[in-house]
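Notes to accompany the following structure.
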Amino acid sequence: MAYLDHAATTPMHPAAIEAMAAVQRTIGNASSLHTSGRSARRRIEEARELIADKLGARPSEVIFTAGGTESDNLAVKGIYWARRDAEPHRRRIVTTEVEHHAVLDSVNWLVEHEGAHVTWLPTAADGSVSATALREALQSHDDVALVSVMWANNEVGTILPIAEMSVVAMEFGVPMHSDAIQAVGQLPLDFGASGLSAMSVAGHKFGGPPGVGALLLRRDVTCVPLMHGGGQERDIRSGTPDVASAVGMATAAQIAVDGLEENSARLRLLRDRLVEGVLAEIDDVCLNGADDPMRLAGNAHFTFRGCEGDALLMLLDANGIECSTGSACTAGVAQPSHVLIAMGVDAASARGSLRLSLGHTSVEADVDAALEVLPGAVARARRAALAAAGASR
C-alpha cells in the first residue's frame, strides 16, 4: 500500500506513541492537588512549554483543544464575540473562500445566527490571496472585528502571505487569526514574530495523535469561550485536559520542527518526481496550486479532465494507492471542491481532481507505485465517464 494522504492525517511518530503510552499508564487529573494530580499537571505544562518553544510562542499562549476544528471555531467565534461586545459596531469578518470548512462554517454560522457580515478576499487562479486585497477591504470597512486567513491551503498546498497580511491587520488595529494546521512541520512558524493574534494547530497533521490540537492566543487578545465549566486553559477552554494526547502532540511537534529542513527537502524531491511523472505520462492533466516556493513541499494536486475524481480514487484504492479528492472533512460529498471553484476552476474539472500528499513516512517506492498505477486508472475512469455520458443521452 502507498499512503499518499498525509494532508488528511499523518501516521503517528513512534516516539509520540511511546510518550502517550507512558502517560496512559499513570493516573491523575491535572486540576487535582494531590501527588498524582500534580504529576499530571507537570506533564501537561511540560508539553505546553515544548509546543510553545517549537512554534515561537509563550507557554501561556498555548491553549489545548480537542483538535483543529475546535481551535478554528474558538478563534473565529470567540474573538468575534469579544470584539463585538467591546465595540458593538464591529460585526464584520474578513476571510477567504479557500478556508477549511471549520473556518467557513463558523463564519457562516455567525452570519446566520449573530448578524455578522463577511467580506471575502478575492482568490487568484493559484489559490493565493494578497495583502493588497486585505488592505483594500480594511480601508473600505471600519466595522471589522476579525481577519481569518489560513497559512497554507489543505487542498492545493498554496502558501499564503501571512507575514505581510498580519502587518496590514495590525496597522488597522484588527486581530488576525490563521489556520496553520497544514503548515506545522512543513514551514518554519514563529507565532511571536508573525504578528498574529491567534493561530490554530492540530496534532494529527504532524505525526501526533488525532483528537488534540491547540489555539495559540496572545495574552492581550480577548476570546469568549465556547464551553464553560472548570475554567481550565485560561478560562477559555474548560474541561479536564487530555494529558496523554497533549504529551503525544508535543513530542510529535519537537520531531517535526527539529527535522523540518531535512524532511521538507526530501519531500520536495519526491513531490517533484511525482508531478513530473504524472505530467509526462498522462494527457490533459493540470497541476493546481502555486509554484515553489509558495507551495507546501508534500502537496501535489491534479485535475484529470474527463473523469470523476471519486471513481478515480476508488480505482487507485483497489490498486493499493491511497489518496484523496480533497479535504477529508468533505470526502464523500458529491460536490466540487469549494477551493477549486474559488480559484476559477469549472465544476466539471473540479470534480475530476485528486490530491496526493506526502509526509514523514513517504519513500520513493510510494511515488513509483503511484506512477505505475495512475495512467491506467485515469484511462479507465475516462472510459467509464464517456460510457456514462453516452448512456444518459
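Cβ coordinates are placed from backbone N, Cα and C, and glycine is handled just like the others.
Copied from Swiss-Prot, the annotated features are:
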- Gly68, Thr69, Asn154, Gln182, Ala202, Gly203, His204, Thr240: pyridoxal 5'-phosphate binding site (BINDING)
- Lys205: N6-(pyridoxal phosphate)lysine (MOD_RES)
- Cys329: [2Fe-2S] cluster binding site (BINDING)
- Cys329: active site, cysteine persulfide intermediate (ACT_SITE)
By a three-class reduction of DSSP, Asn154 (pyridoxal 5'-phosphate binding site) is assigned coil
To which of the binding-site residues Thr69, Asn154, Gln182, Thr240 does the lowest count of other Cβ atoms within 10 Å belong?
Thr240
If you count CB neighbours within 10 Å, which one among the recorded positions His204, Lys205 has the smallest count?
His204
What does DSSP say about Ala202 (pyridoxal 5'-phosphate binding site): helix, strand or coil?
strand
How many whole Å apart are the CA atoms of Asn154 (pyridoxal 5'-phosphate binding site) and the residue listed as 'N6-(pyridoxal phosphate)lysine'?
10
Taking the Cα atoms as reference points, how far is Thr69 (pyridoxal 5'-phosphate binding site) from Lys205 (N6-(pyridoxal phosphate)lysine) in Å?
12
Restricting the comparison to the binding-site residues Gly68, Gln182, Thr240, which residue's C-alpha is spatially nearest the C-alpha of the residue listed as 'N6-(pyridoxal phosphate)lysine'?
Gln182
List the same-chain residues at least 6 positions away in sequence whose Cβ sits under 8 Å from the Cβ of Ala202 (pyridoxal 5'-phosphate binding site), in sequence order, or say none.
Gly67, Gly68, Ser71, Ile181, Val212, Gly213
Select the most exposed residue of Gly68, Gly203, where exposure means the fewest other Cβ atoms within 10 Å, treating these as the binding-site residues.
Gly68
